[in-house]
Every structure is written in C-alpha cells, then in structure tokens.
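Trainee: Right, I'll just put the structure down here and ask away after.
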Amino acid sequence: MVSSENNIIIGLQWGHEGKNRLLDFFANRSEVIVRFHGSATGGHQISAGGERFTLDYLPCGIHHAGKLCVITHGVTLDLEKISDELAALKSAGVFRSRLLISSRCPLILDYHKRLDVLAGRLLGHDLNRTMDQRGYGHAVTDNVRRLGIRAGDLLYPERLRERLDLNLAIKNEYFQKIYNEKPLDADKLFTKIMKEGQRLVPYVGPVEDAISKAVESNVGTLFEGCDGSLNDLNCGVYPYVMPGMTTAPAAFLSAGLRHNASLRIIGAAKAYCTKSGPGPFITEDKSAVAAFIRTRGSEFGKIGEAPRRIGWLDLPALKYAAHINGADLLAVTKLDVLTGIDELKICTGYMIGGELRTSGDLSAEEAEKAEPVYVSLEGWREELPGCTDFNLLPQQAQSYIRFIEEYTGLRVIWTGLGTQWGNALYRID
C-alpha cells in the first residue's frame, strides 16, 4: 500500500513515455496531485463518465472526487486551452476535485502563438525551435523579460490591461515592421482574455503552503511530470530541447518545497525509445521492426498524427536521465509492444571518433557522430497483458527488465503490459 507516500513521476526519455496509467495508478492512492512544469506539450488522457478526455493542463486526478489538484508556477498556461478544458469537464459533470492554480503561472496569449507561426515561416518551420506554433517559447521569453502576463493578473483587470497595452506596443511593431502583418486589436484581445479568464479566476491564488502542508503531513502527494527529461532546456541535447525545466528538481522549485522534503522519484521509460521532431536520435531504427513497433505501440503524435521516430532502448541516455533527476526507482512502460520480436537490441554505449563512451551526457555534435553499441537479447512470443506476477512473465521478458536494473542500478517497480488500464505489474516484493 502506497497511500501515504509522496511521489514524483518523471519521464526519462524524450516525452510520451506512456506515463498515463502509471500516473493514474498513483493518483488513485494520493490525496493531492500537482502539475509542476511544462505547457501544452505533454497531454494525457483520462476516462470519466463513459468518455475520454485529453488534457494538456489539468492534473490527472481532476476527475477523482475529494482530491486536491494543483498547478504550480512552473506551468506556462495557454489561457484558451485550459479554459476549454475546464468547460469540457464541467459540462460532462466529471469535474470532481478541488483545484488551485498558482497566481504566478505565465499565460500564453494570442500574440505568442502568432509570433511562433511567423517565426516558423521565417525559419522554414523548424517545429522544434518554434514549439509547434503553440506560443510556449515566446511566453517563457516574456516571463524572463518581465513582460509576461500571469494568472494573477486576471484578478486585477486594470493592471492586466496596462500590461497588455505594453506588450502590444512591442508585439505590433514586430507584426507590422518585421513580418508585414496587421497589428492585433487591444480592445478585442482584452475582452477575449477576460472572458476566458473568468473560468480560471475562482481557482487562482497562492499554492505553495497547501503543497508544503500536504507533503509534510504525508497524506499522499503526487507530482505529475510531463514532457521528458532529455528535452530539458539545460540537460538535453541543445538546441533540440524545451524552453524550460523538464526534470524532477522543477517540482521542488515551483512548489516551494524544502530541498530535503521527503519525496520518492520514480522515473518512467518505455521498453524502447521514441522521439518526435528533429535532432540526434542515436538508436533510431528505420527497418520493418521499427514499423512493427510503431504500429503495435500506436506511436503517432498529436500534430497531424505524425509517426514518431522509433529506436532501441538507449541505456546510457536512460541512466543519465535517471541521474539528473535523482531517480529512486524505475517504471518501464509498453513492454508488451516488444512481444513477437525475435532479437531485441539494447544500447549500452556509443562509439564516437573511435572511442567507446558510456555516458549519455552528450552535446549535439557528439550525438550526431555517435554510433550505438548494442547487446542482443532473446525476445518472447507470449502475450503479456494477463500476467499478474513478475515471476510468471516469460523468462526473456524478465531478463529484459533485469538487464535494465543491472545497468542503471535502479529497481523497476512498475511494468506496463498492455493497452488496458489494469494491464500492469506493481512489484512490492
């Protein structure tokens, strides 16, 4: 039973690690669920009231009665999207928890998205650097430059209007003189912001005390990670990164926790690797096996259902990600996707310029030159979803998990075995 534990669930790859069911597993056992970083870049799905909802912002426990869900200032909010999420859940009658939104959350507004679109046009639609035209990077830039509009400004319309006018005085210069586009109308945008913001206003305020009390009283607090650690602005392969922290330390910073707060960090990784967008991907495979994994694992992104890039499990990168997060334990998702592959490859190092490297801490230039060094393991044919005990898994599947444990030095306590929410093993022995 883990109801009294405080956990951070964090992705150890490039995002979309299959954390949904892992998060749901721990959300059911937690009283407080905290979304602590990111933006609309790592959506998750929930099932409630006979419907499925894709949420970019609201925490995974939002449909559980009696839970407290919190969004910290580490989250950059698309005002329009979170407003729509709230409306959809309320309309369906599945908004059952209490919600707190930090007044310090930066807001993504229409001009941020427009700047992304125009910058993408100028740069040839480099989707990585323009954040898929979602405005995330430009909103973060405004926040750092102290020009940003925050959730707390929704409580003070006059101050918000002043900040909006200041921003448009600058942004409209860009639109007109650099991009040869029409300026945005301040009155129309202010009206739109206030209309969308009214849905958020009842939940906006300070959040740090509530989180600290929950952690210290050990009622069970879940910190919900999104994106992936290898996309971290400072720790990832720059410039193919997100415009912010995607690692576990962000939970301590954005929630105002003591550095020695009692939190267990569980790193999640797929049994293989996937990546969306450009950038080095050392273990990428383009064979028929990759096509098999992509189809069986439903590896297609949200943007135009683009197929994700597929690669073999990269253990140096995984161990590096576990290290920078301070991971205590591992969760391996989608092990079942590998069923039916006779030879499974696992990367244990890289050859770079004739030198063997075993560290996953690489620059873009090093990663582009790296050749993977593989160990081959025997695959299995048996289907896994019905398995209820780790020791009843096929021996080859057990060996695969144990190889990961031996390489990383971390125990795998949770393993995803199928597409249904109950198809997973939680190892408590």
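Even glycines carry a Cβ here, placed using N, Cα and C.
When I checked TrEMBL for this same protein, it listed these features:
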type	residues	note
BINDING	Gly43, His44, Gln45, Arg308, Lys334, Leu335, Asp336, Gly416, Leu417, Gly418	GTP binding site
BINDING	Gly43	Mg(2+) binding site
ACT_SITE	His44	active site, proton donor
BINDING	Arg146	IMP binding site
Trainee: Which of the three DSSP-derived classes (helix, strand, coil) applies to Asp336 (GTP binding site)?
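Mentor: Once the DSSP labels are grouped into three classes, Asp336 (GTP binding site) ends up as helix.
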Trainee: Looking only at DSSP and grouping its letters into three states, which state does Arg146 (IMP binding site) belong to?
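Mentor: In three-state terms, Arg146 (IMP binding site) counts as coil.
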Trainee: Please work out the number of neighbouring Cβ atoms within 10 Å of the Cβ of Leu417 (GTP binding site), leaving out its own Cβ.
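Mentor: Its Cβ shell of radius 10 Å holds 24 other Cβ atoms.
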Trainee: Once the chains shown are all counted, how many other Cβ atoms turn up within 10 Å of the Cβ of Gln45 (GTP binding site)?
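Mentor: Gln45 (GTP binding site): 12 neighbouring Cβ atoms within 10 Å.
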Trainee: Where His44 (active site, proton donor) and Leu417 (GTP binding site) are concerned, what is their Cα separation in Å, rounded?
Mentor: 18
Trainee: Looking only at C-alpha atoms, tell me how far Asp336 (GTP binding site) is from the residue listed as 'IMP binding site', rounded to the nearest Å.
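Mentor: Distance (Cα to Cα, whole Å): 47 Å.
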